[in-house]
Amino acid sequence: MALLLDELRSADGAAEAGAQAWRLAEAMYPLCRSLTGAGVRATLDLIETQGGLPLQRTEVPSGTPVHDWEVPLEWNVRDAWIADAAGRRVVDFRAHNLHLMSYSVPVRRQMTLEELQPHLHSLPDRPDDIPYRTSYYREHWAFCLRHRDRERLGPGPYEVVVDSTLAPGHLTLAEFVVPGQSDDEILVHTHVCHPSLANDNLAGIAVAVELARALGRSRPRHTWRFIFAPGTIGSLTWLALRPQVLPRVRAGLVLGLLGDGAPLQYKRSRRGDTLTDRAAAHVLAGIEGARLLDFEPYGYDERQYGSPGFDLPVGRLTRSVNGGYPEYHCSADDMTLLRPQALAGALQALARLAQVLDGNRRLLNLSPFGEPRLGRRGLYRSTGGHAPGAFEHALLWVLSQSDGAHDLLAIAERARLPFEAIEAAAEALQQAGLLRDLAPDEPAPAFTIPGSQTPKGTPT
Amino acid sequence: MALLLDELRSADGAAEAGAQAWRLAEAMYPLCRSLTGAGVRATLDLIETQGGLPLQRTEVPSGTPVHDWEVPLEWNVRDAWIADAAGRRVVDFRAHNLHLMSYSVPVRRQMTLEELQPHLHSLPDRPDDIPYRTSYYREHWAFCLRHRDRERLGPGPYEVVVDSTLAPGHLTLAEFVVPGQSDDEILVHTHVCHPSLANDNLAGIAVAVELARALGRSRPRHTWRFIFAPGTIGSLTWLALRPQVLPRVRAGLVLGLLGDGAPLQYKRSRRGDTLTDRAAAHVLAGIEGARLLDFEPYGYDERQYGSPGFDLPVGRLTRSVNGGYPEYHCSADDMTLLRPQALAGALQALARLAQVLDGNRRLLNLSPFGEPRLGRRGLYRSTGGHAPGAFEHALLWVLSQSDGAHDLLAIAERARLPFEAIEAAAEALQQAGLLRDLAPDEPAPAFTIPGSQTPKGTPT
Amino acid sequence: MALLLDELRSADGAAEAGAQAWRLAEAMYPLCRSLTGAGVRATLDLIETQGGLPLQRTEVPSGTPVHDWEVPLEWNVRDAWIADAAGRRVVDFRAHNLHLMSYSVPVRRQMTLEELQPHLHSLPDRPDDIPYRTSYYREHWAFCLRHRDRERLGPGPYEVVVDSTLAPGHLTLAEFVVPGQSDDEILVHTHVCHPSLANDNLAGIAVAVELARALGRSRPRHTWRFIFAPGTIGSLTWLALRPQVLPRVRAGLVLGLLGDGAPLQYKRSRRGDTLTDRAAAHVLAGIEGARLLDFEPYGYDERQYGSPGFDLPVGRLTRSVNGGYPEYHCSADDMTLLRPQALAGALQALARLAQVLDGNRRLLNLSPFGEPRLGRRGLYRSTGGHAPGAFEHALLWVLSQSDGAHDLLAIAERARLPFEAIEAAAEALQQAGLLRDLAPDEPAPAFTIPGSQTPKGTPT
């Protein structure tokens, strides 16, 4: 059996992919991303050019209704600063794009420090870091700065300039689809709206790109769809844009925050027992320190996929969680936080997870009355008297449980064997004609004991 | 949101109610209660006069069939004693009403100690206490006395007098009903048949009276019905008397033994997962030392409510359990055992429990496709980038889970938030038009993804 | 209530039966059993003569198809040896029947040691023991010998003789049926194909014989069927032979390996929650050191009963498990390993297990509205005020739970009382007319609260 992403399963292959992901993140880091605008488009360009992943982009006009929301105006920034009387920029968007609150409306004004204070954000607890703030849905402007710098500001007056535009335009999202043998889909989503923040979420973007490229070279059973979109409004827009895809979604993952030193953490989908949840539990059980988290309705875009009207089987894979590391949402979340080997480890886990999500299925035992004779089919040792080996165990488990009520993952869990071993046994049995695939919604036929075949025994 | 019994939730309010309950118990203590008779009626009188609770009484004639039973003859006692040759009363009903076995038939006889012995009950292990004994269903008479006194009895002869009547009459039970917005009912039952025993069950009666009076001043969603009746035959009679109420019972509590120093103990209803059980688990989880007990078919009147033909969602709240404290069913269970602060603590817990039982309901998210925009409805902070607060968490949880499959209590449990926080969030969302109530038996409509609303995105 | 196998429940009775089982095993030990042939028939003869158990035998011709298999050729051995140049037998079937691999085809040849080596099996780790090997389904021959002896063999040449026949004949299986009040059946299966191996499985055979004989003297509720058959092909043949029995099987046990010093181990049936599984959990909970094992699709004939097409409620009772003791499948598994008290302990446990399997049933409370009056039916003490005793507890539990959804075993588990106590209470209540039996598949009628019987109470 050829495994789907064999290259990413090995330490060497994963290390190479991790290094490549790190370099892509580094290239994307300086861009000023937001919900909309040029920064998002430039990021998608880099994914295509440096990342080697061809994207299908969609531009959705401002004002388009998407369920309870609508696509916002497009925001772009040329420049922004606060300058003192000497014309020296004391806060400068060009130095760090976090200095300007995202979606700040244009302003050009002389102000005293006192007038300016309500428009300043800083972190007294982290005086050397610039906080990340947004005001997407209320027209407003503000600057973010290091608390240490803020305390040094004199009474002014200051020249305050936000040279931005907030105007009808588009929201940009992108997809990469790997067609599978089946139309049923597996989603991978990552948010592309954060400016110069490395772990949140250049890490998620870069890992998704590597995974997508590797899957693009393989022949999966399911159709895999990668979605790159701004947070919240991006997933909402995608959900509104692709209603025909939703009933075919079998599993899905939101990726983010995969580059720091924390162990992997999987957050369950809303239902808590979907294929994605079960597969993640199976794979993470084998990874040192990895943890499973219950669903909760805040976090990243799993909130939208898991809203009650959609209720899709979409979980989330991160290392640290949102709000769960000291550098979260401030300028300390930079490229020094991102470790190539953390990205590599995430890719290795995702390769195993992809195998389970893609390969899991139900099979039907075609010879269910007693064990079939495996020996004469070349699947069992001929000399009896000693214990069967691991492959024989896997064969027996697959035969025992393939009644339509158990998929391969359930069999692997009950047998306490790796999914890959169970899947390999299933393929051997299928080749021997002892199993057939059951379609996802196909009811399992009841086994009827063939009474008419009763042999004529001779009572004595 | 106005809480139902706000006054009882505060330490001060509960303390005042606890003190009042203690004084009512003290007034009821001397009366000789039994299954029937004047003592029960006098107790109900005190509930109305001193307790300030107007009661609806029902007198059911002796001989009335109630399911497998029938209402017994009415028993009343004028006097009873054992006097020695000198005419000195060595056992005297007027000194303590426990001296006479409940339902003792009349007798007037000269007897030696030897003849008298089969008619005497005492407790060798507790020589200073008078035991409590009854013979409701076999015509018999007996005296109960301190073992120390029994040992001092000479050979006699004695004059033995039970000046009682056991004759056709009535069984008396009383109800207090607080009409709610809905006809669905919540029951509170307590037994009123025990003579001078303080914790069992003047404590339960007095707490029920305080709770009932407080509820009477409020506007509950459900109709609350308080039942004061003798043990076993009283609940059986009520069950036979009110068949039309039974299908509308949503929850219920038997109250008893709430005045001693033991922590609160809730005994589950027969099914073990009813609303009452879930609410009690939620509330008691926050009370130091409180415990949950499994249902068992002995104890107080929860036995009858939980018999298989009725199978009502009625649990039981006590401190000590029946048989579970040294003073149980003997004269040591007197007013010194009853602590005002224990009664107050029970009332505080019951106020929270009443809030959950009364307020729990299912709501339906009317904007289930993605999160609705809370900001524009004034329910969410406008500046993004930092973590949401507790109220916002509660809003998101209620929206996420209001699909008809989860009631507010289930949401509170999953969110690990107090019921009151979830209910407040639900009311805010309902006022914003984002939720509507689901009737108790209303099936939740399936959410249909609106494919026709697909926005026109422009692929590029 | 008369218990089914009272004689086997006492220590003395079990010890006597254990000693008898040991003597039967000793008599069967020398015989050369295999899948088919004279050894199996001689074993069945001993069960009838020495064991005192009349059997119903069935001879099934070679070639008969049984599901995916067919009945093999019959194998018989007259003699087999390896002799050195001096004519001295260096390996001799007559010395120990394990020396010849089971189902070895005839051979008569001069061979060097080098030519012979591929036909020799020994255990380097256990140099003093002869291994047990079979080649049922590939035509082959081999000798098994002590590794110490193998190392002493010179270069040869050797005369190698297997004087066996492998020819059309029959597979022999035997049944013993105890008719019950009901046609529903409980199966007990044990394999009879192993040659001179004591624990595997003369222990299982001998215990089954004792249990069967004791049951034959009793009047069980269910029909009990004991099956003595060769491993795998024997159970497959029986399953093909008796399709009409299969839908009536309510429970079943495979017995084996019951004679060594290990504690009892019960392996669950495939479904894991069948009556057999629940009964074994109940009984083994009271036996020091006893363990429950999950189902897995290898082991003994429970594999076939539990194959997905049959999925019968058949578990397995052993002490050591297959492969789980050092003497397993080699000549060290001899009569010195078999302890009479181990066989006795197994019989004692089986007597309790049989009581549960046979006696478990659902009953319907005919007086479900409140507790019925037990006192007037002589089932309850007349003087109230103190705690009920164990029998009264059992009565109340049975009444509380006899709604059709709980069988006696479920009631015993919930009440934390022994099954026998619950069954005795049920019989007392049934005699009092308070319960009736529910047939296995009879739906429980819903209890309808009799509203028309409402007594006329007088509101005052």
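Cβ from N, Cα, C; glycine included.
Any TrEMBL annotation is an automated prediction that lacks curation.
Keep in mind that what you see is a predicted model, and the values were worked out from it rather than measured.
According to TrEMBL, the domain 'DUF4910' annotation covers B:23-360.
Residues or ranges marked as domain 'DUF2172' by TrEMBL: B:74-165.
Around B:ASP200 (Zn(2+) binding site), taking its Cβ as the centre, 26 other Cβ atoms fall within 10 Å, counting all chains. The annotation Zn(2+) binding site is assigned in TrEMBL to B:HIS194, B:ASP200, B:HIS329.
If you look up TrEMBL, you'll see B:363-436 marked as domain 'UCP01524 winged helix-turn-helix'.
Per TrEMBL, region 'Disordered' is recorded for B:440-460.
Marked as compositional bias 'Polar residues' by TrEMBL: B:450-460.
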Residue counts in helix (H, G, I), strand (E, B) and coil for the domain 'UCP01524 winged helix-turn-helix' (B:363-436), per DSSP? 36 helix, 11 strand, 27 coil
Cβ under 8 Å from chain C: which of the binding-site residues B:HIS194, B:ASP200, B:HIS329 qualify? B:HIS329
What are the DSSP helix/strand/coil residue counts across the domain 'DUF2172' (B:74-165)? 15 helix, 37 strand, 40 coil
Give me the sequence-ordered set of same-chain residues, not including B:HIS194, B:ASP200, B:HIS329, with a C-beta within 8 angstroms of the centroid of the Zn(2+) site's C-beta atoms. B:TYR132, B:LEU197, B:ASN199, B:ASN201, B:TYR328, B:ASP333
What does DSSP say about B:ASP200 (Zn(2+) binding site): helix, strand or coil? helix
Across the domain 'UCP01524 winged helix-turn-helix' (B:363-436), average pLDDT on the 0 to 100 scale: 92
Number of Cβ atoms other than its own within 10 Å, given for B:HIS194 (Zn(2+) binding site): 25
